[in-house]
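A.B. asks: Among the features that Swiss-Prot reports, active site, proton acceptor is placed at ASP223, with the record citing sequence analysis. Per Swiss-Prot, the feature ATP binding site maps to LEU106, GLY107, LYS108, GLY109, LYS110, PHE111, GLY112, LYS113, VAL114, LYS129. Under the heading compositional bias 'Polar residues', Swiss-Prot lists 20-35. The annotation domain 'Protein kinase' is assigned in Swiss-Prot to 100-358. The region 'Disordered' feature in Swiss-Prot is assigned to 1-49.
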Amino acid sequence: MENKATLARNIGEKRVSPRSKVNGTGKSWRISYSPQRMDGVSSGRNVSKIPSPVRERLFLKNQERKPLGVSPLSNLSPNSLGRNSLEKSTYNNKLSLKDFEVGRKLGKGKFGKVYCVRHKKSGFICALKAIEKNEILQFNLLKQLKREVDIQLGMDHPNIIKLYAHFHDEKRVYLLMEHSINGELYKSLKNNGPFNDVLASHYIYQIADALHYMHKKRIIHRDVKPENVLIGFDNVVKLADFGWSILNPEGSKRKTLCGTIDYLSPEMITPREYDEQVDVWALGVLAYELVVGVPPFEENSKELTYKRILKCDLNFPESISKDAKDLISKLLVTDTTQRLSLTGVKTHPWILKNKPFW
């Protein structure tokens, strides 16, 4: 397990982009990921048995996508996370780490690390997120983790990362998820972007459809951004990371300030009560970043970024198409009642014009 100094560095690690995450506790910078051997978590099997990235693609392309079984987090409590519980496991879970061959590291977030794993019995390849129980206790994450799991288990959509199962042992909680072979949209954007209208419109349509599905279930994502969109085969993208997602009963409003600075909506900054329209605004920011290469309101300081967001200070390069400008301008509207609906996004001329070329 990482010591406190290492953990502190990970939480505050800065990437090239000045974009920071707002969660009431400080900043969390974008972190670069690099594949490497799993540290701190071992399945007891030779990692050489995991397919190479090329073979991994073939396995994922052909494998049947079906759940491996679910073990409830209801057994998890602050008491069960205490140091005394680390002596011997007494949990009755359907899955354990021994059921998997652990391969390359896919990424590392503020809390937890994600690995490519292969289910020994079925050969099923997934992404496994391992979160230290000590960190869950230290940062009071149990309630948020349970909410994230409950929300993700209740969703079934082709553009939302599937949570197959979850289990825990003496030291860690594990989330077994769908593996998207081509990684973050953010990395693709920085390496290959900005994107042309055909590709950008394809991505925006899929995310709009995922958000439309979530909103019908009264779920707000609250952290839509390129880092939380994963790319699979054939440019199919999937919305991921539901750590800030919340169930929002009809007619109710939220007040919590959370998300990423460049993607915050005016109503969240003010601050005042907000609803699922914060996701619609974020979709507009995402559309802009995909076709321009940078967020529309990005500045060197949080204060300047906030000012531009509140003024909706939107500027387009001359290279951006008329239809793309129109869609983005109709999403990035200060008045929440005047923003284009997600249905309107999916039937917008920019989408319909490019759809035949997807």
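Placed from the backbone N, Cα and C atoms, the Cβ positions cover glycine too.
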A.B. asks: I'm trying to understand the geometry here, so how far is the Cα atom of LEU106 (ATP binding site) from the Cα atom of ASP223 (active site, proton acceptor), in Å to the nearest whole number?
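C.D. replies: That separation, Cα to Cα, works out to 20 Å.
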A.B. asks: Looking only at LEU106, VAL114, which of these binding-site residues has the biggest number of Cβ atoms within 10 Å around its Cβ?
C.D. replies: LEU106
A.B. asks: Compare the C-alpha of ASP223 (active site, proton acceptor) with the C-alpha of each of the binding-site residues LYS108, LYS110, GLY112, VAL114, and give the closest one.
C.D. replies: LYS110
A.B. asks: Taking the Cβ of LYS110 (ATP binding site) as the centre, count every other Cβ atom within 10 Å, in any protein chain shown.
C.D. replies: 19
A.B. asks: Within 10 Å of the Cβ of LYS108 (ATP binding site), how many other Cβ atoms are there?
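C.D. replies: Looking across every protein chain shown, the total is 18.
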A.B. asks: Quick check on the recorded positions: of GLY112, ASP223, whose CB has the lowest count of neighbouring CB atoms inside 10 Å?
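C.D. replies: The recorded positions GLY112, ASP223 were compared, and GLY112 has the fewest Cβ atoms within 10 Å.
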A.B. asks: Quick check: which same-chain residues outside LEU106, GLY107, LYS108, GLY109, LYS110, PHE111, GLY112, LYS113, VAL114, LYS129 lie with their CB within 8 A of the centre of the ATP site CB atoms?
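C.D. replies: Apart from LEU106, GLY107, LYS108, GLY109, LYS110, PHE111, GLY112, LYS113, VAL114, LYS129, the close residues are ALA130, ILE131.
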